[in-house]
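Residues or ranges marked as transmembrane segment in TrEMBL: 86-104, 116-136, 148-169, 190-215, 235-256, 329-347, 380-400, 472-493.
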Amino acid sequence: MWPLDPSRKEVLRFAVSCRVLTLVLQQAVFNAVIPDHHAEAFSPPRLAPSGSVDQLVEGLLGGLSRWDAEHFLFIAEHGYLYEHNFAFFPGFPLALLMVTELLGPLQGFLSLRSCLLIAVALLNSLFSVLAAVALHDLGRLVLHCPHQAFYAALLFCLSPANVFLAAGYSEALFALLTFSALGQLERGRVWTSGLLFALATGVRSNGLVNVGFLIHSQCQGFFYSLTVLNPLRQFLKLIFSLFLSVLTLGLPFALFQYYAYALFCLPSLAHPIPEPLVQLAVDKGYRTAEGNKPPWCFWDLPLIYSYIQDVYWNVGFLKYYELRQVPNFLLATPMAILVAWATWTYVTTHPWLCLTLGLQRCKSSKTPEKPDPGFLSPQVFVYLIHAAVLLLFGGLCMHVQVLTRFLGSSTPIVYWFPAHLLQDQEPLLRSLETVPWKPPAGDSPPGQKVPRNPIMGLLYNWKTCSSVTRYILGYFLSYWLLGLLLHCNFLPWT
């Protein structure tokens, strides 16, 4: 960690500013001025009476509860009552409930839902700010280029997935846990990293893919130790470590699946459901634990998650490839191009490193190549493979419009590669890096230079920026603003 590093302080300042601006634009401007669209979305009835203070909270923070956020709020308030609720993992609802307990004094004049909305605003603001700091620290460790790590963290604050980092979604918490786990792994703290990865798996299902980082790290250590240690002993140690990694990251997922099995396939464990919610299930065709056993209970491997994704969300290989989905493919295209471009750039620069899966950096150990700093560093290989796998899976098997938030909260590549392009192809950045910025009185020690915010510097000099810079910043800012405008009014931005 770099607790006194000025660039880290600037990341913290910028992240806080962006969080505040996001909430103000989303709620005070877009949600208040533009009427909501009547969308076919999950909208359960409110069981508790709504007072004047509750209506005020709903007016101020209601835009945070759109689309999937309503599922998370419902789970936090009522638990997993409907079968399709199990598409959403319990980590984020549990975090909301913990904060709601701390807001106990407010529950005397606020409903539980209002407290949950306040918890969403507080928690996701905190999570996204800490995620920006964690990404900055991770970049310093992996890229060995302080400027690129700084730019990447600032770009995260303007992420195209920004609206989902603020709304009642699990992306901000997942990004924080994932970036923090990766930072711990880079420091060699495998146990801490494994614990954080396991917590991330309890937040989002794609946390399971993070096991690849642990496997690659352990395989790398195994190959480097073969020349000096007993090969058989090291191989057995590797097998045990791989088993432990898979078990650790898979345990939260397995426990969640077993809970669903116990609830729906062992009816004696079913809990009573309030009558209005039973009526909603009847009207909408939602399955509850009180009905007949669902078909997945009789599978050899009864996994509710795969059943829900198939039946309720129509998720599967090429299932989304329909003519009417062309607009959604267009929305996902910039993020797909970004990751594909990053992959091509890296592979063409380091073909031998990629052929050896990042385990051998050069053909001849007698003349090792000097590691490149920044995005082209050999350490970036495993991160790039992770991003490419997510892109391939998301593009072929998921609703493609979620690619922006899916990748924007899961991989640092979507911030490291634009930072690399900005540093490599924007001459204005070099001048901004060399111009000292007078520190505010009392903010820094005498004589210490505080780094300018180069992203803001580029925006101030937009007309003189290169075309690559304008494309990158234009994409980040336009998706940020469009997301805020559309999402909070139930318009199609999910």
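In case you wondered, yes, glycine gets a Cβ from its N, Cα and C as well.
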| Out of 116-136, 148-169, 190-215, 235-256, 380-400, which stretch touches the transmembrane segment (329-347) the most, going by CB pairs under 8 Å? | 380-400
| Which residues, given as numbers and ranges, are at least 6 beyond the ends of the transmembrane segment (148-169) yet have a Cβ under 8 Å from it? | 7, 10-11, 14-15, 17-19, 22-23, 26, 63-70, 72-73, 92, 117, 120-121, 124-125, 127-128, 131-133, 135-136, 138-140, 175, 334-335, 373-375, 404-405, 408-409, 412, 415-416, 418-420, 422-423, 429, 451, 453-455, 472-473, 475-477, 479-480, 483-484, 487-488, 493
| note | Sequence-distant residues near the transmembrane segment (190-215) by C-beta distance (under 8 Å, 6 or more away from its ends) are 89-92, 170-171, 173-174, 177-178, 180-182, 184, 241-242, 244-246, 248-253, 256, 305, 382, 385-386, 389-390, 406, 410
| remark: If one takes Cβ-Cβ under 8 Å and requires six or more residues beyond its ends, the residues near the transmembrane segment (235-256) are 86, 89-91, 194-195, 197-199, 201-202, 205, 207-208, 210-211, 214-215, 218-219, 222, 305
| Which residues of the same chain, at least 6 past either end of the transmembrane segment (380-400), have a Cβ under 8 Å from a Cβ in it? | 142-143, 182, 206, 209-210, 212-213, 216-217, 313, 315-320, 325, 328-329, 331-332, 336, 339-340, 342-343, 346, 350, 353-354, 357-358, 406-407, 410-414, 416, 494
